[in-house]
Amino acid sequence: MAPGGGRGSKTASYGNSDFVVVANRLPVDQERLPDGSTAWKRSPGGLVTALEPLLRRQRGAWVGWPGIVDEDVDHEDDPIVQDDLELRPVKLSADDVAEYYEGFSNATLWPLYHDVIVKPIYHREWWDRYVAVNRRFAEATSRAAARGATVWVQDYQLQLVPAMLRELRPDLTIGFFLHIPFPPVELFMQLPWRTEIVKGLLGADLVGFHLTGGAQNFLFLSRRLIGANTSRGAVGVRSRYGEVELESRVVRVGAFPISIDSTALDQTARHRDIRRRAREIRAELGNPRKVLLGVDRLDYTKGIDVRLKAFSELLAEGRAKRDDTVLVQLATPSRERVDSYQQLRNDIERQVGHINGEYGEVGHPVVHYLHRPVPRNELIAFFVAADVMLVTPLRDGMNLVAKEYVACRSDLGGALVLSEFTGAAAELRQAYLVNPHDLEGVKDTVEAALNQSVEEGRRRMRSLRRQVLAHDVDRWARSFLDALAESGPRDG
């Protein structure tokens, strides 16, 4: 069945919200307490920070999953108001989480879109569940949106929602943004449901990607898979949008690199408590001459093993000194029920143990590894404390950690080692750019960053900060929504 097929009559009424954000998760998490009751906990993030003021001004609503399993998926709860923000929970059963989220979203789409670092799994049952859950999100959005409202759908878990919502509510202006990389054409063509995904996205008025390459790939696929006429010229960043001509309307396609709340981070990092904590961190590490830092979700795309291998060989070759150089790796737990992630955790912990066994001393490991979430201010203090930030993904849509590190370095200290295969590399050209598949190149670049002169470091960091502070998450959201406003239905 085509996305959205046959369900147009289910929702006839209009909601009250003029602006609706649709994402896999709500900006708050619902938690089950020991007594069986539930409570809400705010889940801070860049997307929430950027869109919250707009949501408040425009009678906004946020549609998403609250984070706990609920088998009664057919019973719709009333909207929840949290801090003047209307939340529309979408319920997911245990089977939904297993097949739509852990299955199709994260064992099919995630590896496919990240260059098949791990082989994608194609299960028809997972696809059927993905269609069903996307329809549930579309119907919840239709009930929330006022007549003529603007709807912004977020990310790879919900790629069918635009077309489903278009069928339910043709009066809406619909935008879609993909937060992960969009794959090369030859990889995307492996997907058995490739045409359905492209048709799903073309339900939007504006389809946004981080990079121009993703936009160009999507235009090509629109021509190849559905025979649409498309623009042929190069797509620009926040400009020169591509176009896909459908029977009754035109879909715009653009590149909008996401960013962070850089001003807030800059201000927090300047606070004396953060500076004091940064000094304490270095003291707790034994006051080494150099501190290298990695901060990642524990994910096979992030290249954690690459930096550990490079550091191990630098120690073995004497190019990094075991008595005055340490590596701190902060790894946030992620998708722990998925087999490949469990294996990755075991592999990383084995690698850390080997390096410390080979080069550390009792009470003085050379790699400090934490596998747990780190509070926000503690993370900022680590950014301030680190001499070299290691961001070495094999593929990443953007990588906001790189930008966060730069935003925290008002002292113009530190060095950023950044994978060429992140979206951030297109903007942060003054970082030490590396190919994470080239181990010798990674080692040489890390060594250069460790030994850079003060003048060289300040020059690079000044340029990086100019970029990050000027292009913040508010500018990202405004640029997308301005383009969307120009793309929607003309007749209301």
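In case you wondered, yes, glycine gets a Cβ from its N, Cα and C as well.
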Arg25, Asp155, Arg335 bind D-glucose 6-phosphate per Swiss-Prot; candidate in Tyr100, Tyr101, Tyr122, Tyr369 listed for that same site: Tyr101
Using Cα positions only, nearest of the recorded positions to Tyr101 (D-glucose 6-phosphate binding site) (Trp110, Ile180, Arg297, Leu400): Trp110
From Trp110, Ile180, Arg297, Leu400, the recorded positions whose CA lies within 10 Å of that of Asp155 (D-glucose 6-phosphate binding site): Ile180
Neighbourhood of Trp110 (site 'Involved in alpha anomer selectivity') by C-beta distance under 8 A, where only residues 6 or more apart in the same chain count: Tyr156, Ile180
Check: same-chain CB within 8 A of D-glucose 6-phosphate site center, minus Arg25, Tyr101, Asp155, Arg335: Asn24, Ser105, Asn106, Gln157
Most Cβ neighbours inside 10 Å, all chains, among the recorded positions Ile180, Ala402: Ala402
Pairwise Cα distance for Ala402 (UDP-alpha-D-glucose binding site)/Arg335 (D-glucose 6-phosphate binding site) [Å, integer]: 22
Inter-residue C-alpha distance, Arg297 (UDP-alpha-D-glucose binding site) and Arg335 (D-glucose 6-phosphate binding site) (nearest angstrom): 10
